[in-house]
There are 2 protein chains.
Amino acid sequence: MCVRRCVITVGDLGEFGAVSRISGRLPQGATVLLGPGDDAAMVSAPDGRVVVSTDLLLEGRHFRRDWSSGYDVGRKAAAQNLADVAAMGAVPTSIVVGLGMPPDLPVEWLDALADGFREECAVVGASVVGGDIARSELVVIGVTALGDLGGRRPVTRSGARPGQVVAVAGRLGYAAAGLALLESGWAASEGMPLSRPQEALWEAVAAHRRPCPPYAAGPEAAELGAAAMLDVSDGLLQDLGHIAAASGVRVELDPAAFVVGEPVAAAAKELGADPLDWILGGGEDHALAAVFPAEVALPLSWRIVGDVVAGQGVVVRGRETGHAGWDHFA
Amino acid sequence: MCVRRCVITVGDLGEFGAVSRISGRLPQGATVLLGPGDDAAMVSAPDGRVVVSTDLLLEGRHFRRDWSSGYDVGRKAAAQNLADVAAMGAVPTSIVVGLGMPPDLPVEWLDALADGFREECAVVGASVVGGDIARSELVVIGVTALGDLGGRRPVTRSGARPGQVVAVAGRLGYAAAGLALLESGWAASEGMPLSRPQEALWEAVAAHRRPCPPYAAGPEAAELGAAAMLDVSDGLLQDLGHIAAASGVRVELDPAAFVVGEPVAAAAKELGADPLDWILGGGEDHALAAVFPAEVALPLSWRIVGDVVAGQGVVVRGRETGHAGWDHFA
């Protein structure tokens, strides 16, 4: 019995109550032939091939509930999987979500999480078609995304050749700058108009909470004839290292070619950091990095930042590069 | 440095070492167009539709490392998802696995887990096409399975009508009997020929560790014109309750129609239990339960255990049935 304030929890709903509550917040799009409520969902795969990617997000490791809302976590969890599908040149059609939750998790948090999943999927026209819930100590989220190539050749990591150019689409360094701000204890004053520099810092923090991957640039790159592509989730240097290794080439980056976004510059000034460290080493913005034949005329969504040459590894011209990037067990 | 005995751990391998070690144990079948090693895998979906199901397994909740080996856990985690796909009438083509692990997890356990996934997938001709690993306190496993319907209509939970019959394929009560034995502290003497009753008990425990779903019976039921189907994961009564609710019908079961397997009978005798409690209420064998038009001649793989009538809920004739089954938050 609650006298002053009732917080309804996941434990109050029970397993089937929670499933039905989540399902009620998730409309089903045109590619969904059978949505939640059965042993499995059924999704259209007009191409006759399906692209599939999975990721696991763990509370305390990939997100903190005091730093990110349920809505933020839902958007981020969906985004990082949808970006993997886009990075193959495919259009995401659907995701399924395995969700572990403590019984004392407020239902409000669960609702916000479901809304975050729904809204991020809506950006690309995908739907949450199914899932599974279980009880756990901390919040555990397993997301799997499916996508359709629409007849395009999938763009892998192994097609880069010397003489081609390296380009990126989307933001770099924003999420890393935001995380650094949060780790430094930075907090904007709530509910007041922010000064311009404060606003820029806030945008960096927001980018850590909700990445904004350039989804459309994935299929676009495939149409343009990209030779290799991936999404930047562990840091540009480390991720380009996968292309270099899989393709048997060397990647040389031009540090002057990168745009330092205002939020990244503002955070670097605030914390006395080098913005290029975040741009080259920060993950979680889920930018796309691709390699194109040099003769391809790239649209504005793509910016050339380097070259592919014979050799191995990734270097930044004029810069000493040590290890930069993320290893879950390092 | 280790002087007497070295246990190589997941932390020693690092994230990319672990990924590459797992991938090396996973051959790719004919339906796999692009296997592990990229942002996403690509699987054949000849039907133009893809069936997808996901499950989350948590150490301490769904399995215990002192009761099940890594190999057992891999087989079970794969089986429960493959069974979901089969329960739609589809043939599984592939799974992806999200894996959270503590750094001190022995690599031997990880190898065994990967082997378990591979072997269970091999039963149905599916492959492990991709995954994601992360660091966590306990072992966390998120599995997503894909399947192809080969032109068949998916069999949902909502098609049952009065006058039809209820049938089951596969084992019932085995895993629950095995779990009850483990919970009672029962242990067979290792490495000796077992007496016949001991052997039966051992088989029940083995069934808890590794379910043996009747995968082929799923597509078979779809071909035979099954009106509704699901896999029994939370207990027959509870799961048939989903068919009753989704179809707006009542299910009446005939308790005399169930076969009590020798392991179930032996465990019931050992523990002084009623075997029908396990058969009706136990989950995790991943039997299939389906509803067929009465005129369908069923093959030996299916056994009729009851009828569909007008009304609601599930009853066992001549038996008081309270709640039986599993709620993760109950």
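All positions are counted from 1 along the displayed chain.
The backbone N, Cα and C atoms fix where each Cβ goes, glycine too.
According to DSSP, B:D231 (Mg(2+) 3 binding site) is assigned to a strand segment. Taking a C-beta cut-off of under 8 Å and a sequence gap of six or more, B:D231 (Mg(2+) 3 binding site) has these contacts in its own chain: B:Q80, B:A83, B:D84, B:A86, B:A87, B:P213, B:D239, B:H286, B:A287, B:L288, B:A289. Annotation comment: TrEMBL describes B:D39, B:D84, B:D231 as Mg(2+) 3 binding site.
In this structure, B:S53 (Mg(2+) 4 binding site) is part of a beta strand by DSSP. Annotation source TrEMBL lists Mg(2+) 4 binding site at B:D39, B:S53, B:D84.
Annotation source TrEMBL lists Mg(2+) 1 binding site at B:T54, B:D55, B:D132. When other Cβ atoms within 10 Å of the Cβ of B:T54 (Mg(2+) 1 binding site) are tallied across all protein chains shown, the result is 28.
Cβ neighbour count for B:D55 (Mg(2+) 1 binding site) (all protein chains, 10 Å cutoff from its Cβ): 23. The feature Mg(2+) 2 binding site is assigned by TrEMBL to B:D55, B:D84.
Listed in sequence order, the same-chain residues six or more apart from B:H62 (substrate binding site) with CB atoms under 8 A from its CB number zero; the list is none. As annotated by TrEMBL, substrate binding site applies to B:H62, B:E284, B:W326.
Around B:D132 (Mg(2+) 1 binding site), taking its Cβ as the centre, 24 other Cβ atoms fall within 10 Å, counting all chains. According to DSSP, B:D132 (Mg(2+) 1 binding site) is assigned to a strand segment. Annotation comment: TrEMBL describes B:G131, B:D132, B:R157, B:S233 as ATP binding site.
For B:D234, the entry in TrEMBL reads Mg(2+) 5 binding site.
Per TrEMBL, the feature domain 'PurM-like N-terminal' maps to B:37-147.
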From B:D39, B:S53, B:T54, B:D132, the binding-site residues whose CA lies within 10 Å of that of B:S233 (ATP binding site): none
B:S53 (Mg(2+) 4 binding site) CB neighbourhood, other CB atoms within 10 A: 32
Rounded to the nearest Å - Cα separation of B:R157 (ATP binding site) and B:E284 (substrate binding site): 19
Local backbone state of B:D84 (Mg(2+) 3 binding site), from DSSP in three classes: helix
Cα-to-Cα gap, B:D55 (Mg(2+) 1 binding site) vs B:E284 (substrate binding site), nearest whole Å: 13
Filtered B:D55, B:D84, B:D234, B:E284 - binding-site residues with C-beta under 8 A from chain A: B:D55, B:D84
Between B:D234 (Mg(2+) 5 binding site) and B:T54 (Mg(2+) 1 binding site), the C-alpha gap once rounded to whole angstrom: 15
